[in-house]
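Participant: Structure in structure tokens, see below.
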Amino acid sequence: MIDQYKHKQLQIGLVSPQQIKAWAKKILPNGEVVGEVTRPSTFHYKTDKPEKDGLFCERIFGPIKSGICACGNSRASVRENEDERFCQKCGVEFVDSRIRRYQMGYIKLACPVTHVWYLKGLPSYIANLLDKPLKKLEGLVYGDFSFARPSAKKPTFLRLRGLFEDEISSCNHSISPFFSTPGFATFRNREIATGAGAIREQLADLDLRIIIENSLVEWKELEDEGYSGDEWEDRKRRIRKVFLIRRMQLAKHFIQTNVEPEWMVLCLLPVLPPELRPIVYRSGDKVVTSDINELYKRVIRRNNNLAYLLKRSELAPADLVMCQEKLVQEAVDTLLDSGSRGQPTRDGHNKVYKSLSDVIEGKEGRFRETLLGKRVDYSGRSVIVVGPSLSLHQCGLPLEIAIKLFQLFVIRDLITKRATSNVRIAKRKIWEKEPIVWEILQEVMRGHPVLLNRAPTLHRLGIQAFQPTLVEGRTICLHPLVCKGFNADFDGDQMAVHLPLSLEAQAEARLLMFSHMNLLSPAIGDPICVPTQDMLIGLYVLTIGNRLGICANRYNSCGNSPNKKVNYNNNNYYKYTKDKEPHFSSSYDALGAYRQKRIGLNSPLWLRWKLDQRIVGSREVPIEVQYESFGTYHEIYAHYLVVGNRKKEIRSIYIRTTLGHISFYREIEEAIQGFSRAYSYTI
């Protein structure tokens, strides 16, 4: 993502409260500081203008109309003795209205609030760092129990209040007067920690380097213990070791990114720019508003109520304050992720609110639909089909897609070769599909790679480069071996094709992204170009053969019978008779017989093979031995045949196979020979 400031990436992460305030804080020319949203109101019901310090305040987020303040004045109407940069009356700056797309605000929370992504996510980063069960942390955050602060030289009164309710209730008559005294607020703030503030204190006290050292020591101790023989204990030990590794990785990541763990607890809540959560007025006095506005309103109302109670803390009951803190926590949770508390929050019409997580995540979220899924020039999309005649680095582009992608290059070459005089005539030739257009198109495509992408692009092999070739039809042809990298199959999957324009992009595609350069998985190093799905079915059909074996010949179930030897172009060909399976002296003879439809693809046959000591030295007992009049004998085994003379010398060996096996073997042999030649060139 490149903008005018040359920012090349967008990163989501934790930021400090000071950074959030710096994003939203704005100092007006008169020295007034604005940026904090304190009111839940949006627009005034009479004037339809944004409320001051509300969610659409023009002082905080900028003017609705460019150069016009909330009073309706412009820079030209400012008096000579006044500052021309903003309106003295309403405090709105005379700037472009596009500032409302990126100017943020903030809400100063009356109590700390945990970020629900880091508390309830899987895995829970807060529970991982603190090494505590998630249920106990949730009970602490939502006020189910408290824990005592480690205050020096001061007595501790409560420790895990939720675990000592029975003991406290027995002394209720003597404790109740103490809790109702005005000094209890001071005692509570000194001795008791609850809510997200307690989590923040524990995170702030962490030393990440000590966490890494202690976790490493514990992991080594568990590793040295080995297996105990108790399946349950061994399983617990394995889970603990995995947890320690994740904890060390998380702490190391915090150190490397200069992020403090306590930033996972919010003190300031950012407010999105108003253009990203608009309110639209339709005909008939209908108002359509973003759900995020309603969720922000709920947070502000509950936060203001809590701030009011804290100001009157001497009169407000402690349970009421804790209940209000819980409501603020739940309101922020709903804003960030409405389904974090189980059932999603609904409005008065039983409609589920869309939280920030719902706006961001998924196929229709902000990233995949708006930022990553935008339509771009020099691209196309079509269904993929198998291209069995293609090389690994090739893809077949339909004529319709190819001429659209390379149209500008074809026009340039038409004018350069003086086939046309201007662009208009060149476009007419392309429209009329003249023969010279296809010739130039093939020349242009010969040295220009294309990029194929299948969504979702989950790893690096989701987009690869190919050399395009023209094919008939309207589908993109793809070599079946590259399907595993794309996680694609040929049941209707679609792929997008992109054209790299600059020389740098073309060089990167050739050197890094070509399919024959990505034969191994970048994650684990295993081969990624392996036969799958359609190829496996094709190889199975090619090599299935006859399952009845050699004994089928005795019952003539194959329909293959003895052959008479004929001299066909000086080659040893055998025609079928009605007794025996055919014999061939080479694979070329067998392929010739198949082309002449003398044999079938899976018909059993005998193929003369080179003398193999593994076959000769086999201790297998022959099924049958046949002798001829001149002393020649034939030893018939399950899968091969040995021909010898009367001196017991082996003259030839025949193996029992099918034409499918022969074709498969020839392909593998040619591939190995080609690899050997390429390897010898590199030495």
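From the backbone N, Cα and C atoms, a Cβ is placed for every residue, glycine too.
According to Swiss-Prot:
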BINDING   Cys69, Cys71, Cys87, Cys90  Zn(2+) binding site
BINDING   Asp489, Asp491, Asp493  Mg(2+) binding site
Participant: Using the alpha carbons only, what distance in Å do you get between Cys69 (Zn(2+) binding site) and Asp493 (Mg(2+) binding site) once rounded?
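Facilitator: Asp493 (Mg(2+) binding site) has its Cα 53 Å from the Cα of Cys69 (Zn(2+) binding site).
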Participant: Roughly how many Å separate the Cα of Asp489 (Mg(2+) binding site) from that of Cys90 (Zn(2+) binding site), to the nearest whole number?
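Facilitator: Asp489 (Mg(2+) binding site) and Cys90 (Zn(2+) binding site) have their Cα atoms 62 Å apart.
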Participant: For the binding-site residues Asp489, Asp491, which one has its C-beta crowded by the most other C-beta atoms within 10 angstroms?
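Facilitator: When each Cβ's neighbours within 10 Å are tallied, Asp489 leads.
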Participant: Inside 10 Å of the Cβ of Cys69 (Zn(2+) binding site), count up the other Cβ atoms and send me the figure.
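Facilitator: By my count, 24.
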Participant: Using Cα coordinates, what distance in whole Å links Cys90 (Zn(2+) binding site) and Asp493 (Mg(2+) binding site)?
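Facilitator: Between the alpha carbons of Cys90 (Zn(2+) binding site) and Asp493 (Mg(2+) binding site) there are 58 Å.
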Participant: Measuring Cα to Cα, how far is Asp491 (Mg(2+) binding site) from Cys87 (Zn(2+) binding site) in Å?
Facilitator: 64
Participant: Excluding Asp489, Asp491, Asp493, which residues of the same chain place their Cβ within 8 Å of the centroid of the Cβ atoms of the recorded Mg(2+) site?
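Facilitator: So the additional residues around the site are Ile384, Ala488, Phe490, Gly492.
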Participant: Would you list the other residues of this chain near Zn(2+) - those whose C-beta lies within 8 angstroms of the C-beta centroid of Cys69, Cys71, Cys87, Cys90 - in sequence order?
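Facilitator: These residues sit around the Zn(2+) site: Ala70, Gly72, Asn73, Phe86, Gln88, Lys89, Gly91, Val92.
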Participant: If I restrict to non-local contacts, at least six residues apart, and a C-beta distance under 8 angstroms, what lies near Asp493 (Mg(2+) binding site) in its own chain?
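Facilitator: Same-chain residues close to Asp493 (Mg(2+) binding site) (Cβ under 8 Å, separated by 6 or more) are Val383, Ile384, Arg454.
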Participant: Given the binding-site residues Cys71, Cys87, Cys90, which one is most crowded in terms of C-beta atoms within 10 angstroms?
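Facilitator: Checking each of Cys71, Cys87, Cys90, the winner is Cys87.
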